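S.K.: Quick one: the structure is below, questions incoming.
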Amino acid sequence: MEDKRNIQIIEWEHLDKKKFYVFGVAMTMMIRVSVYPFTLIRTRLQVQKGRSLYHGTFDAFIKILRADGVTGLYRGFLVNTFTLISGQCYVTTYELTRKFVADYSQSNTVKSLVAGGSASLVAQSITVPIDVVSQHLMMQRKGEKVGRFHVRGNLEGQGVVAFGQTKDIIRQILRADGLRGFYRGYVASLLTYIPNSAVWWPFYHFYAEQLSYLCPKECPHIVFQAISGPLAAATASILTNPMDVIRTRVQVEGKNSIILTFRQLMAEEGPWGLMKGLSARSSQRTPSTILLTWMGGPYERPQTPLRLRHKLDSNTW
C-alpha cells in the first residue's frame, strides 16, 4: 500500500476537461439546492439589527418555514444559479494560475495561495451583480419590508411572479444607484473572498497532510480528505466572517463605506456582531465539502475526471 504521507496531487493536464466541467456543473447544482436555505438565513442574520427578527440559525429556519413555507427558503434561488458561470471561471482560473505558479515554485502552499486569490478575483467580478440582486430577493418577507427595496405585489403567490420580482428589484437598483449599484460592495466582496479562498487552500492541504501522518496506512485517502475539507472551511469562515458581515450590509443596506459600516456595527452590537451568521455560514459550507469529497474521490488516480483538491472551496458553490 502506498505511504499515505505521499499524497499525489492531480494537476490540470491530467484532467478530462469535458467530464470535469460537465460533472462540475451537475455537482454544483446539487449542492446549491441542498445548502441554499443556509445562504438565505445567513444573509438575514447578518443584516438584522441585534436579534430583532431571529435568535439564531435554527430559529430563523423555523420562522421562515412557518411564515413563507419551503419556497420562502429559496427566495432568489433562480437568480443565484447564474453564479454557476462564475464557479466554472473560478475553477479554470485556479487551475491555470496554479500551473503558471508551478514554474516558479513547487510549494503547494504558495501555489494554492496565489491561485486561490486570483481565482476569487475573477469569480467575484462576475458574482457581485448576481449577489446584489439575489440578496435583495432573499430579504423579501410577507407583510413587512426588511431590506432596502421591496417588490410590488404580495409574496403570497399572487401578484408578480419570481422573474417579475427580479425585474422589479433590478429597476429599483438602477433607479437608486445606476449601473454602479450592481457592484455595490465589490471591494468588500474581494476583501472577503480573496482571503477566504487564499486561506482555505493552504489550510486544507495542511490538515490533509497532518491527518495523513495520524491515520494508519490502510486508511483511504478520502477519509482524511473528508475531514480536512470541513476543518479548512470552518477555519476560513471564522477568519473571514467579520468582513462577510460588512459585505452583506454594504450590499443590502446600500452603504458606501466599509469603515463606517464597521464602526456602526461595533457601536450597535460590539465585537460579537462581527460573528453574526457564522453558524449558518458553517452549515452552508460543511455539507458542501463533505459531499464533494465523497463524489470527487479517489483523487490519487490521474484518470479521475473530478479532483477533490480543486472542488472544495464553497465560494464557487
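A Cβ is built for glycine as well, from the same backbone N, Cα and C atoms used for every other residue.
Keep in mind that what you see is a predicted model, and the values were worked out from it rather than measured.
Dumping what TrEMBL says about this protein:
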REPEAT    18-100  repeat 'Solcar'
REPEAT    107-210  repeat 'Solcar'
REPEAT    220-302  repeat 'Solcar'
TRANSMEM  20-41  transmembrane segment
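Quick one: where do these features end up spatially?
M.R.: When the repeat 'Solcar' (107-210) is classified with DSSP, helix, strand and coil residues number 78 helix, 4 strand, 22 coil.
The average per-residue pLDDT of the prediction over the repeat 'Solcar' (220-302) is 81, rounded to a whole number.
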S.K.: Counting each residue once, how many in the repeat 'Solcar' (18-100) are helix, strand and coil under DSSP?
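M.R.: Per-class counts: 71 helix, 0 strand, 12 coil.
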